[in-house]
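Student: Below is a structure I'd like to ask you about.
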């Protein structure tokens, strides 16, 4: 009888233990499922590998190292016992045993810091950190499969769940999380959102409510109705007025993509639009399910046209007239003007849309339009982001405008950008289009349609707001039609444009609705409508363009900060590509892309090929100027670093004028600077950066009158090969900067203006040769070694780049980056981190200066110290130098300016100075008479009177 209660207690305990075990197992399964679904993203994140280059920097491979003291390896590194010459494996700290690769991060550095024998080095792989095992794609010069997404789409991460790159800004604990911890952090955010659904899903408190909207504000500055279905309400410019509160969503927002978009959207207006769009789609109120097809053909029309050199030499009796729609942005007005000059003819029409964020270019465009009756600028503006729905809205509104201009009797619609250029003459283009005046020219993808839909994201729902394309979930392609797509550059005849712009039939109406929520809509909308419309038999699979696709360089997912997708961009043409314009296999009349700031020589070659050479002695043919800033723009458009450097440039230029132009006993050539810069230009000569041109006001001390001068500042050479030179010959050049463009392989921050809060990138250019490993060492102005890592250089590598994860702020002064092979110096380069004289565009305050100019706390640029390498590299830290740096950090006012100018003067040269108007200095040259000034003659880009043949060039 005693055993019975014991047995019952034992059974109850066993039952409880079993339940507890089941609960633990269930929780474990749930956690694993959550992580697997998070990792899958859209089902493809894990397969992204190193190709998912959403960030601009390549990720290093930093294996853990178990090595003895560095000094013990130096004899082997220099060729002694145990060393290995060259190097095919990734190494760290000189030669050692080959090690297994694992992805590196700041967390990897932290793990090595906890190692009993920590390595002071990390290891990188070469250019872009990704080598595909697929067969190399054969480059076809006549290929024109133009799509803005990678061909190897299945291997690319299109997830929008990955944490976004953050500047460190004194938050090393966040930046140093290993990838798994970052995923945990993101998962916690998404789980928290799930728990708060219904009260704070928009990222705000439960008491904040947004009033419901039936219609959102338009993107057009003039408030034009772009179409009932083109959804001009997208806030592409990012300037939409924020409402005072958020409204609780009208449905249960459960999709991870929508939740991710809500956590990242910045404005309340955008968050409400995301929630509203998601709910309408979830309730089946957004997307059409079935669309009518009106094409009488059963299959796809395959019309091809041939290039006949003889047929286009004769102008037809009734030549077509063309409406060029020029969609432009940025600040490269001289290049835009040169392109416009090349395509201009008095019989055609030019309608210019300038991005609403490009105010300078818009002002210049208005000035351009006032000179010619057949040039007009849209009265409305949109923010045409890459891949955005706003591009389609821009084209549709432009079409409606052109059709309503009864004084412009055009026959063809051609869209161009400032990066395009003609490769055949206007007469040839007109003769060709006159022969095929009933055709529409679009380039199709030419591959498997299901794969195109998948890689183009047509089966995904996107929304544009806050100048970003947010991915919100999946959707179905409407039934009843064939979906097509390819290039978003096309030539359309007037009849089809009228149909697209004004038709209210089921096809056009529903396609406008569908493509209002589509990524890269202009790459598919016109193709799909044409192929399913009564005009389907007019489609020619050729958009008459050559596009410079180099997907190995152009598909770096460089637009992930703009779209939740992985996109591609064409490369700029270079002189070695000129032969491609002379091909006669198929009719082509335009090419892209061209950037004068990258390479102007190819534009000059093409210009001479089409229109003949300029007269001998024509000035400015090899020069290029691009305005970076002018005083009509708000001062806040300049960074504190740029404003600081421009003021220093002005002071150094005036000192040069005083030393070279001033005569003892006279003050006629002595000046005092007045105010902020008036304008700033980049200056290039023969495609080499020559520096900045700063236009500024001064007071002449002799007559106390205001004058306007322009100063030319050129950077000094800072790359230096070791002396005596080593026998290592692969390194050609090294540079440090920011805004690395992996596609064109250059720094977009020309001049490398850096401040204490910038994150510099080190770049090396290599010649061909055997696989080798080199060591890169970063040294701050007081000889503190801030970072060191190895790079494995493959035999075919041309460029490597890496951004070391340094703690901020950087100590102001001249930094050095040393490159060693087998611990023998090969070369070094220097760069300036400028102390700031401005903070938030105001003179810097003492407490701000101390915070920014003293380096990171305890000079700890990383968790790990590299101090043991100082004696090995003969880099001695001088206490007096450290103390002087500490004193410099407290400088403000004139003392700070003097320190800054001494640093700038060591890395920049004041080349020349000139006056833009009257001056009291008798020996001061006039800017328009120099060869370098932005006021110098530039005939190649200047417009003029229309010539008797109707052209400008």
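Yeah, the Cβs are placed from backbone N, Cα and C, and that goes for glycine too.
When I checked Swiss-Prot for this same protein, it listed these features:
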{"type": "TOPO_DOM", "residues": "1-17", "note": "topological domain 'Cytoplasmic'"}
{"type": "TRANSMEM", "residues": "18-38", "note": "transmembrane segment"}
{"type": "TOPO_DOM", "residues": "39-953", "note": "topological domain 'Lumenal'"}
{"type": "REGION", "residues": "48-67", "note": "region 'Disordered'"}
{"type": "REGION", "residues": "74-251", "note": "region 'Disordered'"}
{"type": "COMPBIAS", "residues": "79-97", "note": "compositional bias 'Gly residues'"}
{"type": "COMPBIAS", "residues": "138-154", "note": "compositional bias 'Basic and acidic residues'"}
{"type": "COMPBIAS", "residues": "156-165", "note": "compositional bias 'Polar residues'"}
{"type": "COMPBIAS", "residues": "170-197", "note": "compositional bias 'Basic and acidic residues'"}
{"type": "COMPBIAS", "residues": "205-216", "note": "compositional bias 'Basic and acidic residues'"}
{"type": "DISULFID", "residues": "251-279", "note": "disulfide bond"}
{"type": "DISULFID", "residues": "295-536", "note": "disulfide bond"}
{"type": "BINDING", "residues": "327, 355, 384, 385, 386, 488, 489, 569, 592, 593", "note": "UDP-alpha-D-xylose binding site"}
{"type": "DISULFID", "residues": "555-568", "note": "disulfide bond"}
{"type": "DISULFID", "residues": "557-566", "note": "disulfide bond"}
{"type": "DISULFID", "residues": "669-921", "note": "disulfide bond"}
{"type": "DISULFID", "residues": "914-927", "note": "disulfide bond"}
{"type": "REGION", "residues": "933-953", "note": "region 'Disordered'"}
Student: Nearest to residue 555 (disulfide bond) by Cα, among 384, 566, 914, 921, 927 (recorded positions)?
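Tutor: Checking each of 384, 566, 914, 921, 927 against residue 555 (disulfide bond), the shortest Cα distance is to 566.
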Student: Counting only residues 6 or more past its boundaries, what in the same chain has a CB within less than 8 Å of a CB in the region 'Disordered' (933-953)?
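Tutor: Distant Cβ neighbours of the region 'Disordered' (933-953) are 334-335, 337-338, 340-342, 344-347, 368, 371-372, 426, 604, 607, 611, 614, 618-621, 623, 625, 627, 679, 681, 683, 693, 695, 710, 712, 914, 916, 927.
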Student: DSSP-wise, what's the residue breakdown of the region 'Disordered' (933-953) into helix, strand and coil?
Tutor: 0 helix, 0 strand, 21 coil
Student: Between residue 295 (disulfide bond) and residue 489 (UDP-alpha-D-xylose binding site), what is the CA-CA distance rounded to a whole number of Å?
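Tutor: That separation, Cα to Cα, works out to 23 Å.
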Student: Measuring Cα to Cα, how far is residue 669 (disulfide bond) from residue 384 (UDP-alpha-D-xylose binding site) in Å?
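Tutor: That comes out at 48 Å between the alpha carbons.
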Student: Using residue 279 (disulfide bond) as the reference point, find which of the recorded positions 557, 566, 592 has the shortest Cα-to-Cα distance to it.
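Tutor: It is 566, whose Cα lies nearest.
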Student: Can you tell me the three-state DSSP label for residue 566 (disulfide bond)?
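Tutor: The three-state answer is coil.
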Student: Should residue 536 (disulfide bond) be counted as helix, strand, or coil on the basis of DSSP?
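Tutor: Residue 536 (disulfide bond) sits in a helix per DSSP.
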Student: Quick one: largest C-alpha distance among 327, 355, 384, 385, 386, 488, 489, 569, 592, 593, binding UDP-alpha-D-xylose per the record, in angstrom?
Tutor: 19
Student: Of these disulfide-bonded residues, 251, 279, 927, which scores lowest on Cβ atoms within 10 Å?
Tutor: 251
Student: Can you tell me how many other Cβ atoms are located within 10 Å of the Cβ belonging to residue 555 (disulfide bond)?
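Tutor: Residue 555 (disulfide bond): 23 neighbouring Cβ atoms within 10 Å.
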Student: Restricting to the topological domain 'Lumenal' (39-953), what is the model's mean pLDDT?
Tutor: 82
Student: When you rank 557, 566, 568, 914, 921 by Cα distance to residue 489 (UDP-alpha-D-xylose binding site), which of the disulfide-bonded residues ends up on top as the closest?
Tutor: 568
Student: For residue 536 (disulfide bond) and residue 327 (UDP-alpha-D-xylose binding site), what Cα-Cα distance in Å is obtained after rounding to a whole number?
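Tutor: For residue 536 (disulfide bond) versus residue 327 (UDP-alpha-D-xylose binding site), the Cα atoms are 27 Å apart.
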Student: Using residue 566 (disulfide bond) as the reference point, find which of the binding-site residues 327, 386, 592 has the shortest Cα-to-Cα distance to it.
Tutor: 386
